[in-house]
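Heads up, the thing below is written out as structure tokens.
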Amino acid sequence: MSVQEDGAARPEPDVLRRHDSLYGDAEKVSNNKRHGAGGSWARTLQLAFQSIGVVYGDVGTSPLYVYSSTFPNGIKHPDDLVGVLSLILYTLILIPMVKYVFIVLYANDNGDGGTFALYSLISRHAKIRMIPNDQTEDANVSNYSIEAPSSQLRRAEWVKQKLESSNAAKIALFTITILGTSMVMGDGTLTPAISVLSAVSGIREKAPNLTQSQVVWISVAILFVLFSMQRFGTDKVGYTFAPVISVWFLLIAGIGMYNLTVHEITILRAFNPKYIVDYFRRNGKEAWVSLGGVVLCITGTEAMFADLGHFNIRAIQLSFTCVLFPSVALCYMGQAAYLRKFPENVGDTFYRSIPAPLFWPVFVVAIMGAIIASQAMLSGAFAILSKALSLGCFPRVEVVHTSNKYEGQVYIPEVNFLIGAASVAVTLAFQTTANIGNAYGICVVTVFSITTHLMTVVMLLIWKVRLPFIAAFYAAFGLAEFLYLSSILSKFAEGGYLPFCFSLVLMALMATWHYVHVKRYWYELDRVVPAAETTALLARRDVRRVPGVGLLYSELVQGIPPVFPRLVDKIPSVHAVFVFMSIKHLPVPRVAPAERFIFRRVVGADAGAGHRLFRCVARYGYTDQLEGAKEFAAFLLDRLKVFVHEESVFACSRGDNDDDDAMRRAQAMAEEEKRVIDAEAERGVVYLMGEANVTAAAGSSVMKRIVVNYVYTLLRKNLREGHKALSVPKDQLLKVGITYEI
């Protein structure tokens, strides 16, 4: 039986749709087990320990610079310390603990977190992606589980309808998502700079002759080593992260208890929030400005959510409440107690408050902790960009998977070079942690605010929470983050401009790439080749059937791409087995190999002059790794034979079940076709790719011509080529040039 495809997407009977899928019972595949999803308490404790090294390096090293950034001009009143300590404690409780640990972590996408995970979660419940490549079979992927809005809660259905019908809403959600990604990239630039510089600055306590410039160059040397080692990944040294950060937490907690006992235990009254009110009454605008330093105590909080895929919710909740919060709270309280007696040392509080015998051990662990914090932030930045790349939101770059044991550990050489150069430049330009902190805070709070807005959509659309709770969530966290952001923006001219400029450039690149990507897809979709024209092309006298298997890649998941007629015109030959191949990334973290492919027959041997034409969509999640070309082709052809077999079984089941001769003929034809596929595979596989030159159509605006003809073209020519991303051997590659005017 031959299922013809007329080029345009058309509704199909349910039974036919089921048959057209490669795996008839894909919906029966059990949901993939996430790493650390559930399990025994022993396993949870193990994951909680491991998470200490991966998740908390950044927030755990914040005590190195929070007080110096909060009081850049010194402490004017002794009780200001109590007010700031109270702000620090309640900021730690409100945002990392209440918001992230006990609310946001539950909005994960099959165990994965982060800004893109929230966006993909929303996009599965409402069609907000701008590329129309949704297919009915996608819902059968086990990780694609969704809960339709309840009929009892019309609000969720109303929100869904508004999101799907409003281009402005789609663009707004996409914009804040790429803004969050851009800010995380800024975070990846500033975290190494501020963490390493603040840790190295402590050496001046024992070597006072060192100038600040020399400290900066020592920091630059460490940064150079850090970024040079990224290509090796964290797999080989990752096992040391948790012990080192655990030792760090024990040290800062112990030193904090020591300072509390020796200097002023009464600083514990900071748990009374009235001291926050007194602090603002006493200092007014200066107290508001100081919030930009206070917020640095929660840098790295987003990592708890972004790195969720490697752990589980219980593990992170346990490690935060039992290890991180007590340790850093004791550290901040101890520093405040020390500063009550020695307020003149606020510029270097951390190292001045360390008992003399512990200085060198703490200094060494601080350097290691700063490097680990930087490494964790960089790994997270690479992972987020990898997700953006798979969803068509970032230009093609090389993604190197650095671990065979742990998924999600990737390294992107081009991005590593740019972030490394930017981090070194920031360190050399700003010189002090106080100046870098002005820029750092903007990245941190902007990501917090974006998560709050996306979480509000999740609550409305997916969780279907009662409105009073949603209003309370948005008001509490939205107001707090607005206050912090407004404070940081007051330092725009003192370094706050840096992440804005960085993010604007990165957003412009991402938006340009995605805009042309969408326009190109629509251009191809509007010009799909009808099945009748395909059959006519194959029937031409000058078109020869050549041995082997041809895989023609395009982004279309429905219809024959317009590059095919051009290929036949230029090279009047078609392979005996020809597959129109599409690589599609679903808004889910992973797709099981058993659910990878969807096949449809385009033209059978009887109608195609001996050619066998198929369409295939290979589906991947945004954390999945593409196989090498050889392995991919072998797996593809193996599953193609399964499809041929299932097609014959389905054809027999629709006919007269008593006609044994017909069944035998159908089975014999299927066996013959499988033999043909094997024989042609032995003759070799050729990969064909359309090399599209995209230009702005005549009459386009000046801005569109600049974006398409210059910016996009520059990106496309200077970044990774498509065949390299698919690991296609050059001796098996054939490119077909074509021009699209969009």
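Backbone N, Cα and C atoms are what each Cβ position is placed from, and that goes for glycine too.
Quick caveat, the model's predicted, so the values are computed rather than measured.
Relative to the membrane, Val82 and Gln317 occupy opposite sides according to Swiss-Prot. Listed ranges 171-191, 633-653, 675-695, 696-716; the one Swiss-Prot annotates as transmembrane segment is 171-191. Just one residue in Asn143, Asn259 has N-linked glycosylation site written against it in Swiss-Prot, and it is Asn259. Ranked by number of Cβ pairs under 8 Å to the transmembrane segment (442-462), the listed stretches 171-191, 318-338, 496-516 are led by 171-191. Of the candidate ranges 171-191, 288-308, 469-489, 288-308 has the most C-beta pairs within less than 8 angstroms of the transmembrane segment (47-67).
In summary, the transmembrane segment (496-516) does not lie against the transmembrane segment (288-308): fewer than three C-beta pairs, each 6 or more positions apart in sequence, are under 8 Å. Across 84-104, 237-257, 288-308, 353-373, the stretch most heavily in contact with the transmembrane segment (469-489), judged by Cβ pairs under 8 Å, is 288-308. Away from its own ends, the transmembrane segment (171-191) comes close to residues 58, 115-116, 118-119, 122, 128, 130, 163, 299-300, 302, 306, 373-374, 377-378, 380-381, 384-385, 388, 393, 415, 419, 422-423, 426, 436, 439-440, 442-444, 446-447, 450-451, 453-454, 457, 498-499, 502-504, 506-507, 510-511, 514 of its chain (Cβ-Cβ under 8 Å, at least six residues beyond either end).
If you count C-beta pairs under 8 angstroms between the transmembrane segment (288-308) and each of 84-104, 237-257, 318-338, the highest count goes to 84-104.
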